[in-house]
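As recorded in Swiss-Prot, the features of this protein are as follows:
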type     : residues                                                                                                      : note
BINDING  : ASN8, GLU383                                                                                                  : Mg(2+) binding site
BINDING  : LYS15, HIS206, ILE207, GLY208, ASN209, GLY210, ASP281, LEU282, ARG283, GLY329, VAL330, GLY331, GLU332, ASN333 : ATP binding site
BINDING  : ARG89                                                                                                         : substrate binding site
ACT_SITE : ASP146                                                                                                        : active site, proton donor/acceptor
SITE     : HIS178                                                                                                        : site 'Transition state stabilizer'
SITE     : ARG239                                                                                                        : site 'Transition state stabilizer'
Amino acid sequence: MKKIMAINAGSSSLKFQLFEMPEEKVLTKGLVERIGLPNSIFTISVNGEKITQTLDIKNHEQAVDMMLDEMKKHGIIQDINDLDGTGHRVVQGGDIFETSALVTDEVEKQIEELCELAPLHNPANLMGIRAFRKMLPNIPHVAIFDTSFHTTMPEEAFLYSLPYKYYQDYGIRKYGAHGTSHKFVAERAAELLDRPIEQLRIITCHIGNGASIAAVEGGKSVDTSMGFTPLAGVTMGTRSGNLDPAIIPFLMEKTGKTAQEVINVLNKESGLLGISGISSDLRDIEQKAEEGDERAILALDVFASRIHKYIGSYATRMKGLDAIVFTAGVGENSDIVRARVLEGLEFMGVYWDPKLNAGLRGKEAFINYPHSPVKVMVIPTDEEVMIARDTMTFGNLK
């Protein structure tokens, strides 16, 4: 029995989950928010009950220290030596990390070098890794990369039609994201279908505030919608998804904004929020659409239409399709979005049952008619359990 921590460190937050492995039993989970700001919030789950404290937590090291103290205080662990390993989500692994990796000084340095490809995420992920390595120097720490699952994409899928030297010199290519989630639900889909994953062609739809679609053929990612950064692909909560790059200099000229300011608009003020003018939260938009708000209806139409395009494209890419999987906050909980995405796909052999779809929230289920050649599933994602599994494997803890 091993105790493994799954960690997701943000610039001012630290999300943690403690597993007993290999049973995959969750012993506790929690969240530290507003690190480095006044009135930081520390939340931990003890016997299913949330305990929250407000205090000042200066940095990630202090957050880790407090987390360990609280786990001891509540009897979740007797001593820090009870912990056998930690696994850390890292957003960008470039084309260096095809799998998860045991963190060494060299690996840490490589993650730092990749910060320019994910300036919003990798520096924060690295802060978490450094804090845990300092506090717990005698156990293995493993980095689990969002991009690793997508390193199996062929060159024709990941390359942009730019001068080839930009790829050689600067690493400009499609990297994708949400790889841990796409991998988890694709593998789970194969289990539910009771078929070897090597025989399956699956489209996984990770739809949350950030969203990406992946083509998974024979258990490997062969294409995905996010690109060089998580700004590309389908319409998202506040992100634009794909657009004509000439719009950027055009907007700079028209608005007087710098390139970075325009990128901020594309990242934070666009997507569902930009089109609807209401919210980036799909629940708010669905409610307004039901009330007949035209912009809310339009936002939903655009959202579904972009996902449609990827499903059609990826089914063509794989020369057929066995299953479509919905996951993440919206994919698991919005029957409205699922219905809009599935509408009109009968020509591809997708026959979904509106009764099975209606009201389904956060549960694992098939939502297709029995005779449907293409199966449609809702599978709640569990990135933390994937992090714990890889920590066992790459930390040599099995």
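Note that Cβ sites are derived from N, Cα and C of the backbone, with glycine treated the same way.
The binding-site residues shown are ASN8, ASN209, VAL330; of these, the one with its CA atom nearest the CA of ASP146 (active site, proton donor/acceptor) is ASN8. Within 10 Å of the Cβ of VAL330 (ATP binding site) there are 25 other Cβ atoms, across all protein chains.
You'll find the Cα of ASN8 (Mg(2+) binding site) roughly 13 Å from the Cα of HIS178 (site 'Transition state stabilizer'). In this structure the alpha carbons, written CA, of the residue listed as 'substrate binding site' and GLU383 (Mg(2+) binding site) are 9 Å apart. The Cα of ARG239 (site 'Transition state stabilizer') lies closest to that of ASN209, out of the recorded positions LYS15, HIS178, ASN209, VAL330, GLU332. Cβ packing within 10 Å was compared across the binding-site residues ASN8, ASN209, and the lowest neighbour count falls to ASN209. In three-state terms derived from DSSP, ILE207 (ATP binding site) belongs to an extended strand segment. Least crowded of the recorded positions (ARG89, HIS178, ARG283), judged by neighbouring Cβ atoms within 10 Å of its own Cβ: ARG283. A gap of 16 Å separates the Cα atoms of ASN209 (ATP binding site) and GLU383 (Mg(2+) binding site). Distance noted between the C-alpha atoms of ILE207 (ATP binding site) and HIS178 (site 'Transition state stabilizer') is 10 Å. Highest local Cβ density among the recorded positions LYS15, ARG239 belongs to ARG239, counted as other Cβ atoms within 10 Å over all protein chains shown. Sequence-distant neighbours of GLU383 (Mg(2+) binding site) (same chain, 6+ apart, CB under 8 A from its CB) are ALA6, ASN8, ARG89, THR180, SER181, PHE184.
Comparing Cβ neighbour counts within 10 Å across the recorded positions ASP146, ASP281, GLU332, the minimum falls on ASP281.
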